[in-house]
Amino acid sequence: MESERSQRMGNACIPLKRLAYFLCLLSALLLTEGKKPAKPKCPAVCTCTKDNALCENARSIPRTVPPDVISLLFTSNSFDVISDDAFIGLPHLEYLFIENNNIKSISRHTFRGLKSLLHLSLANNNLQTLPKDIFKGLDSLTNVDLRGNSFNCDCKLKWLVEWLDHTNATVEDIYCEDPPEYRKRKINSLSSKDFDCIITEFAKSQDLPYQSLSIDTFSYLNDEYVVIAQPFTGKCIFLEWDHVEKTFRNYDNITGTSTVVCKPIVIETQLYVIVAQLFGGSHIYKRDSFANKFIKIQDIEILKIRKPNDIETFKIENNWYFVVADSSKAGFTTIYKWNGNGFYSHQSLHAWYRDTDVEFLEIARTPQTLRTPHLILSSSSQRPVIYQWNKATQLFTNQTDIPNMEDVYAVKHFSVKGDVYICLTRFIGDSKVMKWGGASFQDIQRMPSRGSMVFQPLQINNYQYAILGSDYSFTQVYNWDADKAKFVKFQELNVQAPRSFTHVSINKRNFLFASSFKGNTQIYKHVIVDLSA
């Protein structure tokens, strides 16, 4: 009986407990409802009215400005940087004046959230630039005042020029302080064409762990390949592009001895490779697509080609040729012609002159005549000699030499706006850039060179470069200045004993291969940088 009474009393208490709980909860809710958040007080450094705030002698942007202000003025303050979201929580702000301060830097998202802002003034500060898109999101903006700042009108400010051109806001006239050529010029009068903000550079991309002498690139069966001559292993190493790893990988090789040049030539759809060696003779290989390997098809006559140093391939009137520059005392620089089955000796140009380089190019003798094929032979025993193609005899004839240019190791050519130029490499003394004048090559520019074995012009897209290697110092990369009509220093590369520089283009990517006689073969990527971005 006692236990039943206790149980009934406990059950009767349950409704009372629940009622007390709900009463407590209701009291808490009522107390909470009664405590509305207080509006931020006016900061100590500011003077506030219902709609306005004036802040002076502040060390930073205060975070407790009343949210209902419509007009906000900062003047004679000591802070010089304004960070992101400095005016967050002011949705009704229409007029913002940050004037007569010492502001040097403003963050990109300083004014984020000010969707009601109509008038913005940053007048009379120490601003030299403004971050791109600083006015983004200020859709109601009708007036901007940037006067009294020392703007540097460089590529970082190009965006402002473009913004001024299409904004609907009224912007007071502002002026450039730098660079000197734009000083006191209205920024409003500039156009995006006044800014040259695209620069390039060669950035290291890949190291190949072997020395090399010559590097060539070729297209074969809709793919791009690179072939590298390795003198110490005696191999021609073929590389292909790995589309997954985005690097160059081994494709195949031709094994020989003391290989100095591996020259590819594609005739119709067949790939041939001329392999020049210091010992063991030089040979011609054919790519067998069925066996998927290279097969030797021909030896190059050893009595003429004793010490090959360079090979050049070219095509004249649908006929394919290659020429070997022989640097021995008893050898002959010789031209070989394709006859449908193989390459056979066509003409010997130079006997016993120790030729080091041969360059094929087309030049015109007068502005009214068509360009004709020419060869320039560089030699350690005489000045560079120019040969001209004779259409009647189908032979090259000796025309002239390049005066006052002794000890030229190699000559390479390039063209700018139809004019033909050559880069002449000298191991001792100045290397030169010369321009074809119709009857002779004329001096344009000298480059100090010490220990140079290569001075290679290269065109990548619309950029014309010349790369001067050195065995004793950094490789100098020059960029062609169209206004000055000469090369200007552009970049330095650290390549040990460079022997060749080759442009390779694959899948809209551009690379620079740098051969090295004493170190690793290096690959650089040609990078385009927009300084205004």
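Count begins at 1; order follows the chain as displayed.
Cβ from N, Cα, C; glycine included.
Unlike curated entries, TrEMBL annotations are predicted automatically.
Sequence annotations record features per position, and here TrEMBL assigns signal peptide to 1-34.
Annotation source TrEMBL lists domain 'LRRCT' at 149-198.
Remote same-chain partners of the repeat 'EAR' (201-243), defined as residues 6 or more beyond its termini with a Cβ less than 8 Å from a stretch Cβ, comprise 249-266, 269, 271, 273, 275, 277-278, 287, 310, 477, 491, 493, 499-500, 502-507, 511-513, 515-527, 529. Here TrEMBL flags 201-243 (among others) as repeat 'EAR'.
Annotation comment: TrEMBL describes 247-289 (among others) as repeat 'EAR'. The residues of the repeat 'EAR' (247-289), classed with DSSP into helix (H, G, I), strand (E, B) and coil, number 0 helix, 33 strand, 10 coil.
In this model, the repeat 'EAR' (293-340) carries an average pLDDT of 94. Sequence annotations record features per position, and here TrEMBL assigns repeat 'EAR' to 293-340 (among others).
Look at TrEMBL and you will find 342-391 (among others) tagged as repeat 'EAR'.
Taking Cβ pairs closer than 8 Å, the repeat 'EAR' (395-438) reaches residues 310, 335, 347, 349, 356-357, 359, 361-367, 373-376, 378-380, 382-389, 444-459, 464, 466, 468, 480, 482, 485-487 in its own chain, all 6 or more past its ends. Taken from TrEMBL, the feature repeat 'EAR' covers 395-438 (among others).
Per TrEMBL, repeat 'EAR' is recorded for 440-482 (among others). DSSP states for the repeat 'EAR' (440-482), grouped as helix (H, G, I), strand (E, B) and coil, give 0 helix, 29 strand, 14 coil.
Annotated repeat 'EAR' per TrEMBL: 486-528 (among others), in sequence order. Sequence-distant contacts of the repeat 'EAR' (486-528) (same chain, six or more residues past either end, CB-CB distance under 8 Å): 198-217, 224, 226, 228-229, 231, 241, 243, 248, 433, 444-445, 447, 453-454, 456, 458-461, 465-467, 469-471, 474-480.
Note: the domain 'LRRCT' (149-198) comprises 21 helix, 10 strand, 19 coil (DSSP; helix = H, G, I, strand = E, B). Tertiary neighbourhood of the repeat 'EAR' (247-289): same-chain residues 206, 208, 213-214, 216, 218-221, 225-231, 234-241, 295-300, 302, 305, 307-313, 320, 322, 324, 338, 342-343, 523, selected by CB-CB distance under 8 Å and a gap of 6+ residues from either end.
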